[in-house]
Amino acid sequence: MKHNFGAGPCILPKEVFEEASKAVLDFNGSGLSILEISHRSKDFEAVVVETERLVRELLNVPQGYSILFLQGGASQQFAMVPMNLLPEGGKAAYLDTGVWASKAAKEAKKLGQVDIVASSSDQNYTYIPKDYSIPADAAYFHFTSNNTIYGTEVFETPKANIPVVVDMSSDILSRTINVADYDLIYAGAQKNMGPAGVTLVIIKDELFGKSGRTIPTIFEYEPHAKAGSMYNTPPVFSIYVSMLNLRWLKNKGGVEVIEQENIIKARTLYEEIDRNPFFKGTAAVEDRSRMNITFVMENPDHEAEFLELAKERGLVGIKGHRSVGGFRASVYNALTITSINALVDAMREFEEKHN
Ligand SMILES: Cc1ncc(COP(=O)(O)O)c(C=O)c1O
């Protein structure tokens, strides 16, 4: 058995893989594959409608927000956000909590002024800055709620009197949120929503056309919203598999239920990291992510040996990002406590062998 701790694309529930593979051969008993049907077919329109309904229901999305399924990944959103929200000569505020946050800011800089309100780069992004003020004259404030590479997470939504934009790529659907606290939420699907290829955008309709810029239509939010994510050919298969995954989450009891499981999973692993003298966590304790758990070994010379042991135990994808080193266990919704226990067992086995 493999335990997939990959950071994304990542584990999805087995049931979802099984359903998806059936649909590749015969979608809804139509005699056609999901890969060959028209995106304008009634059957696929029903898929988009249900996927949107499930997002709305699972995240409690209020009226006045549109839900879009776009291509281009979260990285395309780094550019679309300023194109759509930052007026010519305007300013945007960004919180710098890592590589993804600074990549987002870099795109905004191409279109206007960027005010970095705070940064944790001084300590290799191992914490979330807390004391900063958000300029009231900025067009919007952007932050990353979960820093996939460093294993830090923002649990308290920053309060601002300007539109708040969040990159939730790696923690969306893992915990309850109040969508009304945000004006625009985006997330590449390939962690907790579905496979790579589709990007979720939840946007307050008031923001449409806000920058006043003339931008290529494909990068404008409003035409996608008006067309129900069918402005052009959408990523049919990725949306379909996302729908299956959202159904799975709903059947489990929804985000509230998975959040409790995620709390237990993360706690179990952090407890072992803190207890086991061979390992130590890298993120500030109060900012520890529930989705990406980063840790190193007290003796870096032990890391290759532990990685080998992990491989033997079927633990896949735990090598840390090159900018942090050590290990990173991504423990997304579909990863079960059984996999966490397998990793904890390997850590204990290593300890026993070396004591
Ligand atoms: C928080 C965060 N933002 C953005 C990205 C980039 O996403 P994409 O590859 O979909 O452009 C990632 C990728 O892992 C991420 O974790």
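Glycine is no exception: its Cβ is also placed from the backbone N, Cα and C atoms.
What TrEMBL records for this protein:
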DOMAIN    4-343  domain 'Aminotransferase class V'
BINDING   Arg40  L-glutamate binding site
BINDING   Ala74, Ser75, Trp100, Thr148, Asp167, Gln190, Asn232, Thr233  pyridoxal 5'-phosphate binding site
MOD_RES   Lys191  N6-(pyridoxal phosphate)lysine
Same-chain residues at least 6 apart in sequence whose Cβ lies under 8 Å from Asp167 (pyridoxal 5'-phosphate binding site): Ala74, Gln77, Trp100, Ala101, Ala104, His142, Phe143, Thr144, Ser145, Tyr186, Ala187
Simplified to three states, DSSP reports Thr148 (pyridoxal 5'-phosphate binding site) as coil
Report the nearest neighbour of the residue listed as 'N6-(pyridoxal phosphate)lysine' in space among the binding-site residues Arg40, Ser75, Asn232, Thr233, comparing Cα positions. Ser75
Counting only residues 6+ apart in the same chain, whose Cβ is under 8 Å from the Cβ of Ser75 (pyridoxal 5'-phosphate binding site)? Lys103, Gly188
Cα-Cα, whole number of Å: Thr148 (pyridoxal 5'-phosphate binding site) versus Arg40 (L-glutamate binding site)? 35
Rounded mean pLDDT for the residues that make up the domain 'Aminotransferase class V' (4-343): 97
Sequence-ordered recorded positions from Arg40, Lys191, Asn232, Thr233 with Cβ under 6 Å of an atom of ligand 1: none
Which number gives the other C-beta atoms within 10 angstroms of the C-beta of Thr233 (pyridoxal 5'-phosphate binding site), all protein chains shown included? 10
Simplified DSSP label at Thr233 (pyridoxal 5'-phosphate binding site) comes out coil
If you count other Cβ atoms within 10 Å of each one's Cβ, which of the recorded positions Arg40, Lys191 has the most? Lys191
If you measure every Cα to Cα distance among Ala74, Ser75, Trp100, Thr148, Asp167, Gln190, Asn232, Thr233, the residues said to bind pyridoxal 5'-phosphate, what is the biggest one in Å? 30
To the nearest whole angstrom, state the Cα distance for the pair Gln190 (pyridoxal 5'-phosphate binding site) and the residue listed as 'L-glutamate binding site'. 24
Between Asn232 (pyridoxal 5'-phosphate binding site) and Arg40 (L-glutamate binding site), find the distance joining the two CA atoms and give it rounded to the nearest Å. 10
